[in-house]
Amino acid sequence: MQGAWAPRDQGQSPGRMSALGRSSVILLTYVLAAIELTCLFMQFSVVPYLSRKLGLDSIAFGYLQTTFGVLQLLGGPVFGRFADQRGARAALTLSFLAALALYLLLAAASSPALPGVYLLFASRLPGALMHTLPAAQMVITDLSAPEERPAALGRLGLCFGVGVILGSLLGGTLVSAYGIQCPAILAALATLLGAILSFTCIPASTKGTKTDTQTPPPGGPRASVFDLKAIASLLRLPDVPRIFLVKVASNFPTGLFMVMFSIISMDFFQLEAAQAGYLMSFFGLLQMVTQGLVIGQLSSHFSEEALLRASVLAFIAVGLAMAWMSSVFHFCLLVPGLVFSLCTLNVVTDSMLTKAVSASDTGAMLGLCASVQPLLRTLGPTIGGFLYRSFGVPIFGHVQVAINVLVLLVLWRKPMPQRKDKVR
């Protein structure tokens, strides 16, 4: 393999990388993200059936899901710091190798000759290092111009949509046709390919030579990947706490609803498994179009602050509609607004947060951003379950309206800063 992806070009500085080389690396990064997300959603379709086959009840399955969420929550910031220090090639390779270990353990758990329950729980452990999407975001952030960053990050939504649709379709089809073990084996082979492509075709570092990297003095100790104080210090930088709080607060109500969606689809919407799958595919298709096409066009005409306010306003409108929702048809009508709000909020806040830190810390910041969803998956089942049992589905709309009205007041009272990117 020759050109920008060839091993002889891997060590070159992004500052000296040609425009064609940058485009090639970004394109490959999109492909790697699509591979990982497809495998991840294949796994999501396998684990419930495997848990049932192994005799786990709903409580034990909840523990399994919580374990995965906690590990990803704890591993996200550390992985981001590792990516900053060791480079994009090492980060993506490590993530794919962790995914390979997870899928091999998952395949082994489905074997009758092995202790399936123990292996199933053990398969959650590599999840602490499975952060291909934040690593891909770091590469795109480092190699894209500041004015192009929201659109470039938004195109990862195409990868996410491909993962949701193709992964769910492949997972369900392969389980029905060839058994539970087949999707896990296919995912293991795909992630092995991803690890090889990452190691051979991704540059060792995507950060330029002019970043303000904290280089240790000669003979001094190298900064630790596990330096939690250094990670936490990013949240104390100017404007970062407010942007991060907006990201967490606006995501929280919808996160609760989506965590409980499988229960709501069965109890409230009265959907069969296949119908729920079609609904999720519709959700994934809208997300793919919104992040891949719509946000890119909007970001070229409107400021990040305007888009952020628009996403919060859309959250409020969706929350009002959700409070009066009574059927799956009503939910389908409000899904476009929900998807627009989620995609715009996440893309814009990720872009703003990476501009608020030095270019040498973009990986750590994206790791912190990636911890928001695991945090919701960890707290969501308990809080969402209590709210659903006590007040029903409308409570999710009420909570969404209340929280996002407060967020909108904060945004109007003190506008978000418009920053230019750090020199690379």
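Just so you know, the numbers here start at 1 and follow the chain as drawn.
Placement of Cβ uses the backbone N, Cα and C atoms for every residue, glycine included.
Per TrEMBL, domain 'Major facilitator superfamily (MFS) profile' is recorded for 22-416. Over the domain 'Major facilitator superfamily (MFS) profile' (22-416) the predicted model carries a mean pLDDT of 83.
The transmembrane segment feature in TrEMBL is assigned to 25-47 (among others). Within its own chain, the transmembrane segment (25-47) has Cβ neighbours under 8 Å at 4-5, 17, 64, 92, 95-96, 99, 102-103, 106, 120, 130, 132-133, 136, 139-140, 143-144, 152, 155-156, 158-160, 162-164, 166-168, 170-172, 174-175, 180, 183-184, 186-187, 190-191, 193-194, 197-198, 201-203, 206, counting only residues six or more beyond its boundaries.
Per TrEMBL, transmembrane segment is recorded for 59-79 (among others).
Annotation comment: TrEMBL describes 91-111 (among others) as transmembrane segment.
The transmembrane segment feature in TrEMBL is assigned to 117-140 (among others).
For 152-178 (among others), the entry in TrEMBL reads transmembrane segment.
Here TrEMBL flags 184-202 (among others) as transmembrane segment. Beyond its flanks by at least six residues, the transmembrane segment (184-202) meets 1, 5-7, 10, 25, 28-29, 31-32, 35-36, 38-39, 42-43, 46, 88-89, 92-93, 95-97, 99-100, 103-104, 106-107, 110, 132, 139, 170, 174 of its own chain at Cβ-Cβ distances under 8 Å.
Within its own chain, the transmembrane segment (244-264) is flanked in space by residues 235, 276, 308, 311-312, 315, 319, 322, 338, 341-342, 345-346, 349, 353, 368-369, 372-373, 375-377, 380-381, 383-385, 387-388, 393, 396, 399-400, 403-404, 406-407, 410-411, which lie at least six positions past its ends and keep a Cβ under 8 Å from the stretch. The annotation transmembrane segment is assigned in TrEMBL to 244-264 (among others).
As annotated by TrEMBL, transmembrane segment applies to 276-294 (among others).
Only residues 6 or more beyond the boundaries of the transmembrane segment (306-322), in the same chain, are considered here, and those with a CB under 8 A from a CB of the stretch are 150, 246, 250, 253-254, 257, 295, 298-299, 330, 333-334, 337-338, 340-342, 344-345, 348-349, 352, 393-394, 396-401, 404-405, 407-408, 411-412, 416. Positions annotated as transmembrane segment by TrEMBL: 306-322 (among others).
Annotation source TrEMBL lists transmembrane segment at 391-412 (among others).
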Criterion met for the transmembrane segment (117-140) and the transmembrane segment (59-79) (at least three Cβ pairs under 8 Å): yes
Close approaches to the transmembrane segment (276-294) from elsewhere in its chain (Cβ under 8 angstroms; 6 or more beyond its ends): 154-158, 160-165, 168-169, 172, 262, 265-266, 328, 331-332, 335-336, 339-340, 342-344, 347
